[in-house]
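According to TrEMBL, the feature transmembrane segment maps to 9-28, 34-55, 62-80, 86-104, 116-139, 151-169, 190-207, 213-230, 242-266, 272-291, 303-324, 330-351.
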Amino acid sequence: MTRLSSENLFFPMAAVDGAAIIGIWTVLSPGGVTVAWHVHELAYGYAAAVIAGFLLTRASRVELAVAAVTWLAARCVWFLPDASEAVRAAAGLASTGVIVLLASRGFLRAVKRGQNAVFPIVLAAFWIGDAALQAAILLAEPAAERAAGRAAVMLVVLLIVVMGGRIAGAALSGLAQRAGRSRIAPQPRLERVLVAALAAAGVGLAMDLPSLLAPAAWIAAGAIAIRLAGWAPGLGLAGSDLLSLVASQGFVALGLAGIGAAALWGPWPESAPLHLLTIGGIGIATVAMMLKTRAQRARLPLPARTVGLATVLLGVSAAVRVLGQGEPAVAYPVAGIAWIAAMILCLVALLRR
């Protein structure tokens, strides 16, 4: 019998939710569901479930059950026709709050280690961001919805860049050393610059401040590029899981560079580089981390082909979504189908024993 664990519970739910969100969005938008719902569910539904599966390793069975039930309730309440916006907001905030509270405990115990201090802060900001987005929806303030939605995306990107970067960097360094090459040293100063630049870019994006957004986004993109260059000695030795994490970091760097350009160059729509962040950056990183983490904790072989194929599908989805701006009737469904296919592949691998 499979033990109840955070990854066995939340990762499959995340994969189902990831496929459902884009399926619903592709079929029902515009008019059937709102952009606010789309952004909220990707950040506080899908990404929150991945965070829960990854971080709630010390939660008890009761705590996991409470987190799962509140998360499911928050997803379902959006589709109850008689549910008020206040009820939907309360369910969403309860779900995010439980996950953030349980996830933060381990980091709070280790907060004396400076490198871990960023996580409780970002997780708290994650819940505050959900509250801000829910308040904007309740007050029917489109500008506030847009700002809170952008902030949500950047908070998830920050978590992905820091967590994924540390996992990839340490693993690539180990591979290089086992092959007789030099150790790939961590770069804490570069990471601090990256975190600060991402935070500033998030503020600039949310508050629509191009003079802050452009330089901050470019600095963050440059910091990621420097880090990627430093990982070069281990790349030729890496498997599909690590290469996928590296690819996700590359997509984030491209997206940030594009967001900086869009802030100062009007003709380029901002939605294009944002989807490099969300589909290529968040999508690839979360799928790779789910499959890698589940295999490690269950002591199972990594489904390397699934990781590689899902990464290709998500990369295609991001490219089609960005390059198909002029033909949305064709490009957007194709991008959606590729995303959904990647999530289904991930789900099948997660359920395999």
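Note: Cβ is positioned from N, Cα and C throughout, glycine not excepted.
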(request) Using a Cβ cut-off of under 8 Å, list the residues of the same chain at least 6 residues beyond the transmembrane segment (242-266) that approach it. (result) 157, 160-161, 164-165, 167-168, 171-172, 175, 201, 204-205, 210, 213-218, 220-221, 224-225, 227-228, 231, 234-235, 272-277, 279-285, 287-289, 307-308, 310-311, 315, 318
(message) Given a Cβ distance threshold of under 8 angstroms, which distant residues of the chain, six or more beyond its ends, lie next to the transmembrane segment (330-351)?
(response) 11-12, 15-16, 18-19, 22-23, 25-26, 275, 279, 283, 287, 290-291, 294, 303, 306, 309-311, 313-314, 316-318, 320-321, 323-324
(message) Check the transmembrane segment (272-291) against the transmembrane segment (34-55) for contact, please; criterion is three or more CB pairs under 8 Å, pairs 6 or more apart in sequence.
(response) yes
(request) Quickly jot the same-chain residues contacting the transmembrane segment (116-139) by Cβ under 8 Å, restricted to those at least six beyond its ends, or write none. (result) 36, 39-40, 43-44, 48, 51, 85-86, 88-89, 92-93, 96-97, 100, 103-104, 107-108, 110, 145, 147-149, 151-152, 155-156, 158-159, 162, 195
(request) Mind pulling out the one from 34-55, 151-169, 190-207, 213-230 with the most Cβ pairs under 8 angstroms to the transmembrane segment (86-104)? (result) 34-55
(message) Considering only Cβ pairs within less than 8 angstroms, which of the stretches 9-28, 34-55, 62-80, 151-169, 303-324 has the most against the transmembrane segment (190-207)?
(response) 151-169
(message) Under 8 angstroms, Cβ to Cβ: which one of 34-55, 62-80, 213-230, 303-324 has the largest number of such pairs with the transmembrane segment (151-169)?
(response) 34-55
(message) Six or more residues beyond either end and a Cβ under 8 Å away: which residues meet both conditions relative to the transmembrane segment (9-28)?
(response) 38, 41-42, 45-46, 49-50, 52-53, 56, 64, 67-68, 71-72, 75, 283, 286, 290, 293-294, 332-333, 336-337, 339-340, 343-344, 346-347, 350-351
